[in-house]
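Listed in TrEMBL:
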type: TRANSMEM; residues: 20-42; note: transmembrane segment
type: TRANSMEM; residues: 49-71; note: transmembrane segment
type: TRANSMEM; residues: 101-123; note: transmembrane segment
type: TRANSMEM; residues: 135-153; note: transmembrane segment
type: TRANSMEM; residues: 165-191; note: transmembrane segment
type: TRANSMEM; residues: 248-271; note: transmembrane segment
type: TRANSMEM; residues: 301-322; note: transmembrane segment
type: TRANSMEM; residues: 343-361; note: transmembrane segment
type: TRANSMEM; residues: 373-394; note: transmembrane segment
type: TRANSMEM; residues: 406-428; note: transmembrane segment
type: TRANSMEM; residues: 440-462; note: transmembrane segment
Amino acid sequence: MTEYTPLLPSNVHHPHLTLFPTMALIINKMIGTGIFSTPSLILSLSGSIGLSLVLWVIGALVTFSGLSVYLEFGLAMPVNGGEKNYLQRVYRSPRGLVESIYAFQIVLLGFSSGNSYAFGRYLLFALGKHEVSEWLNRLVGCAVITVVIWLHIRHPYHGTRVFTVLGFIKVMILLLVVMLGLLVLTGFITLEDTAPNDNFKDIWSGSMTNNGYNVSVALLQVIYSFKGWENANYVLSEIKDPHRTLKIAAPLSVAIAALFYLLVILSYYLVIPSQEIKDSGVLIAGIYFRKIFGDTFSSRVLPLFISISNLGNVLAVSFSHARINRELALENLIPFAKCFSNLNYSLLLHWAVTVIVLVAPPNGDIYQLVINLYSYPGTWINALVAGGLIYLHFNREKEHWGNTDWRSHWTVCLVFLVSNLFLALFPFVPPPQSYDSGSYPYYLFPVTGCSVLLMGALYWCAMHRLSV
């Protein structure tokens, strides 16, 4: 194995992110589409209130195990790049292969399409458009990513300020959802057609415990909802005092998001009948507000706030992923590297991929396809990162590893590794005939995800041949 050379911050970075902007980066990515849109999918796939809650708790535990792994790596290598650096640290031979695989995954599938699409749905819902053309929704999604990229290019300082403010607004929105649920539970708000505890009379009724495929896909959806805890790791060179800031910002942000997630899910279940939740699609939060306020001005304003939450996610993801694109270009790991080593062109690359993913799929359940395409390939990368840290733990002297501000127990790494291997392999299992795979074949997202990873390996082979 080749010798490892420690990474140093590049002079193109200017540390300017303090504690609250760093927390906003994480919270904005975590609290995006997921908690306002995926609970209906998860309940439909799990079948029961009880099993869906168990999956949300498992998702939180997997998230904290992953956070621990990324904290150890991030504090040992506080520079931009995230997983690229961690994979380079462990998988040093053949040189550049694993980085090339990662580069294609993060560039081609690290898009903002899911939240751009959900922004359009909630914005149109807030405007009273409950039944809209699929292509109108996609057009609004394309418009929002265009505005966001323009803001980051022309007014980068204001872009940072905006997503910091939106991170605070998101927490307030979740607090509002929870408070409304509490008022329903205590009787201060009465619902005309639903008793607050109807869904909790038999929480295990309908559980899909004999359908491993449904449960695994539901867990994948839960993991997607928690995605974002790693966002600060991508831009550590731009964080002031990253050792102190990351140790505070990351655990605190994840704890806030996880706690609110569980409370918001319980609030949904208190207000909306289970069958109506299953039928609600990505509009569950809009229906929640309509149940409480009726078809009034308030029921439209609150979905507008949720669309703003989606906007915060798009701002934070485009901010961090454009910087990953630049890091990959600086190391010549992607085509047209000289062009994309400029941050503005890296932002435009993120815009182009997001727009293509929004407009390319044919008519169908694009939302579920997009979130699966976004989250699935990351399970392979997470498994490689977790396996790499386990290797470093058992080879500390040989690898000169251990002088870090954070240390994950190997069992925590193992939990993260096993959970991601499960999520990576199980989607290839053919579903039972009774399973409704929607508008697209069940194998589409795992095959597409693995194909993109393979493209990275083939690109490395081509470049390796040319350099010989």
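All residue numbers here begin at 1 and follow the chain in the order shown.
For all residues, glycine too, the Cβ spot is worked out from N, Cα and C.
Here the transmembrane segment (373-394) touches the transmembrane segment (440-462). Their Cβ atoms form 3 or more pairs under 8 Å, with each pair 6 or more residues apart. Long-range contacts of the transmembrane segment (301-322) within its own chain (CB-CB distance under 8 A, at least 6 residues past either end) are made by residues 24-25, 28-29, 31-33, 36, 106, 110, 112, 115-116, 118-120, 122-123, 125-126, 144-145, 148-149, 151-152, 159-160, 162-163, 166-167, 169-170, 173, 176, 228, 231-232, 234-235, 285-286, 289, 293, 343, 346-347, 349-351. Pairs of Cβ atoms less than 8 Å apart link the transmembrane segment (49-71) most often to 20-42, out of 20-42, 135-153, 165-191, 440-462. Contacts between the transmembrane segment (135-153) and the transmembrane segment (406-428): absent, as fewer than 3 C-beta pairs lie under 8 angstroms at sequence separation of six or more. Across 101-123, 248-271, 343-361, 406-428, stretch 248-271 shows the highest tally of CB pairs under 8 A with the transmembrane segment (20-42). Annotation: stretch 343-361 has the most Cβ pairs under 8 Å to the transmembrane segment (101-123), among 248-271, 343-361, 406-428. Same-chain neighbours of the transmembrane segment (165-191): 20, 23-25, 27-28, 31, 35, 256, 260, 263-264, 266-268, 270-271, 285, 288, 291-292, 302, 305-306, 308-309, 311-312, 315-316, counting only residues six or more beyond its ends whose CB sits under 8 Å from a CB of the stretch. Outside the transmembrane segment (406-428) by six or more residues, the chain places 61-62, 65-66, 68-69, 71-72, 75, 212-213, 216-217, 219-220, 223, 247, 372, 376, 379-380, 382-383, 386-387, 389-390, 393-394, 442-443, 445-446 with a CB less than 8 A from a CB of the stretch. Listed as Cβ neighbours of the transmembrane segment (248-271) (distance under 8 Å, sequence separation of 6 or more from its ends, same chain) are residues 19, 22-23, 26-27, 30-31, 35, 39, 49, 52-53, 56-57, 60, 63-64, 67, 70-71, 74, 171, 174-175, 177-178, 180-182, 184-185, 191, 194, 196-197, 199-200, 225-226, 228-229, 232, 277, 284-285, 288, 291-292.
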